[in-house]
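A short worksheet on the structure shown next.
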Amino acid sequence: MSSSDAIVKEEDEEVVVGPSSSTSERKPSWQKLRRYDSLDFESRKLHGHDDDHSYAKENNWSVILHLAFQSIGIVYGDIGTSPLYVFSSTFPGGIKHNDDILGVLSLIIYTITLIPVIKYVFIVLKANDNGEGGTFALYSLICRYAKVGLIPNAEVEDREVSNYQLSLPNEREKRASRIQSKLEKSHFAKVFLLFATMLGTSMVIGDGVLTPCISVLSAMGGIKEATPAMTEERTVWASVGILVCLFMVQRFGTDKVGYTFAPIIFVWFALNASIGVYNFIKYDPAVLKALNPNYIIQFFQRNKMDAWISLGGVVLAITGTEALFADVGHFSVRSIQLSMSAITYPALICAYVGQASFLRKHNDLVSDTFYKSIPGGLYWPMFVVAVSASIIASQAMISGTFSIIQQSLSLGCFPRVKVVHTSDKYEGQVYVPEINYLLMLACVGVTLGFKNTTQIGNAYGIAVVFVMTLTSSFLVLIMVMIWKTHILFIITYILTIGTVELVYLSSVLYKFDQGGYLPLAFAAALMTIMYVWNSVFRKKYFYELNHKITSEKLNEIVSTTNFRRIPGIAFFYSELVQGIPPIFKHYVDHVPALQSVLIFITIKSLPVSKVPVDERFLFRKVEAKEIDVFRCVVRYGYTDVRTEHESFEKILLERLEEFERERVRADSKEENGVLDGRVEKDESCNEEEEDNYKAIGRIEEARKDGVVHLVGESEVVAKKGASFGKRIMINYAYSFLKRNLRQSDQVFGIPRMRMLKVGMTCEL
């Protein structure tokens, strides 16, 4: 039971149950429990909410400082190692005019300030979904506000979840309602939003492949300056060895990896800033003239088309920025804001200013700016730190990839894989073994295939800018519909940040045939998998919805069939939230036996990052003859742990008994006492109330007799006359994915010795 008060409303009578032990800290979450006779309504249960953990994560400065330190090693490795290759990628043909250096430096400074700092740190991070970030977090916010989900399993009760509520800064309702109405009425808009989310997610995962390749190859390239014996081939194989080691340590988790990597990245930033200041003072302090944006205009006037093409190199200065948002669930908004503003941003500006000062005196050394600008005595220490930092740079996108896979998995957009939560101390830190090994194989393949950073850099730019542009598009929708931001601010955002990102996107797409096709190829492969899984998942859901069994049909089945009554409890799992799934009739037709207590369980993911434990289980008593039948909906957020420390079975049965006691109290005309957790029966109770008390006893007895788990395993096939494409998608692609990935019993930790799989064929 929740510690907060609750009101149970039955007909026109209200009964207060569960006196609160403490109401001084926060107001209780009030809810009403109504009884319905139709399974078309979703189940219900009284519940409360406890958000102390999330409050501490965002407001306890000791926790914030710890997370800020960890984030240095996890989030900023990618953007922090950009000085290795930005100037060489921007001037692949050499420097034609000395002031071009000022123009490029001005572009770098304003791009870093505008995109990572202003856009992400101070705007996009505010669009987190209860602490979670990434493309799916933005999509989930939109789905909660507007009914744009393609599966009809949303219920009114979902909005009563504490984390579901959205704060609205002001009252610009008219514009927001108009946009919301258009989205909800347009099937094309719903499909497009899901498609865009999948595409953005696929691009970020592709980014997780390219980041390790370009970072490690760039750092290892420096050794050729010291020893000519280190050929390109040897450099490539050394890079492959480093990449394999990096992916092998992922299983230890973000927490341990973060504390290991953070000191190295901190030293990296300190050395870069120090060398930058040294070069700035020694070579050309006048380089600060680049703060005047007029040098950008002059750069384009002198170089025209070449200047536009060179933007593909400048954009590499902000690679890894999406990790700020994707990895926010591993840390917190304030910790990332603190580490970015106090450490990362100043160090990067110093590094680029120092390199520009060096190039003003050494135009001919632009192809290897980073290593040539290092003072002689620091070369080898800097090389070691650079290699270490490049290894760590990959961590940001790898961690972000794990988070995104977890989100897409929970929202039905990715096949089932194992998600390991690696930290009991900090939520959101996950490891996905299958994805880790696939990323490793992809990184090794790209490194051996391209062997240099030029073409990888072209591919990298497309992935980075495309995801940024998509994030801006979703953010504008959130500004309009949810935040209800002033229209002038929205227009300013579009004209500044939106325009800059579109210009960069047009530049990187120009190099499509020079390696730029790689992220699109990755995205196409991932989107095919996601589309197949999500499409068949939706078709299967609609099939079950159209063939569901009502409570009337349930009573007909029970009364017209000679069942054998078996002592015990049966858990029957299904994805349907309304009605009883059709596979139940298939079961009773072949096995004429039923346990005395039958519970239909639906595992449901909400478009919210976390569902408080006290609000996770919803129950309803189904009016059935001779047996006790309950409907239970178990709701999870897309970052919730699906396996509890305690047995899922034990927790569910405890909550069921609580629900029955509350239901009995609500049905009683007079308040009954509670003794040792059991309901005291009043002598004046009528026949219906008597049966209610007996039901509680039957549940307790059935629990002692044992529990069996009935898992529905529906085989899906394309119906006769289906198109060739549908037959390929359902009969081959989906079936292949389903056979080779984790089964539902593995996801929820169902004991195999007490599990019975029930199969049937669905023609879609």
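Each residue, glycine too, has its Cβ placed from N, Cα and C.
Residues or ranges marked as domain 'K+ potassium transporter integral membrane' in TrEMBL: 67-554. According to TrEMBL, the domain 'K+ potassium transporter C-terminal' annotation covers 567-764. What TrEMBL lists as region 'Disordered' is 1-30. What TrEMBL records for 63-81, 101-122, 191-223, 260-281, 307-326, 338-358, 378-398, 435-453, 459-480, 487-510, 516-533 is transmembrane segment.
Within the same chain, the transmembrane segment (378-398) stays apart from the transmembrane segment (101-122): fewer than three Cβ pairs sit under 8 Å, each pair at least 6 residues apart. Away from its own ends, the transmembrane segment (307-326) comes close to residues 75-80, 82, 85-92, 103-104, 107-108, 111-112, 115-116, 120-121, 124-125, 128, 133-134, 137, 204, 207, 211, 299-300, 336, 340, 348, 352, 393, 396-397, 399-401, 403-404, 457-458, 460-461, 464-465, 467-468, 471, 503-504, 506-508, 510-511 of its chain (Cβ-Cβ under 8 Å, at least six residues beyond either end). Here the listed stretches are 191-223, 338-358, 516-533, and the one with the most C-beta pairs under 8 angstroms to the transmembrane segment (101-122) is 338-358. Touching of the transmembrane segment (191-223) and the transmembrane segment (338-358) is ruled out by the presence of fewer than three CB pairs under 8 A, sequence neighbours closer than 6 excluded. With respect to Cβ pairs under 8 Å, the transmembrane segment (338-358) is most closely packed against 260-281, considering the stretches 63-81, 260-281, 516-533. Long-range neighbours of the transmembrane segment (63-81) within the same chain, counting only residues 6 or more positions beyond its ends whose Cβ lies under 8 Å from a Cβ of the stretch, are 56-57, 116, 211, 215, 218-219, 254-255, 257-266, 268-269, 272, 317-321, 323-324, 327, 330-332, 334-336, 338-340, 343-344, 347-348, 386, 389-390, 392-397, 399, 426.
Only residues 6 or more beyond the boundaries of the transmembrane segment (516-533), in the same chain, are considered here, and those with a CB under 8 A from a CB of the stretch are 198-199, 201-203, 205-207, 209-210, 408, 412-415, 442, 446, 455-456, 458-463, 466, 508-509, 729, 733-734, 737.
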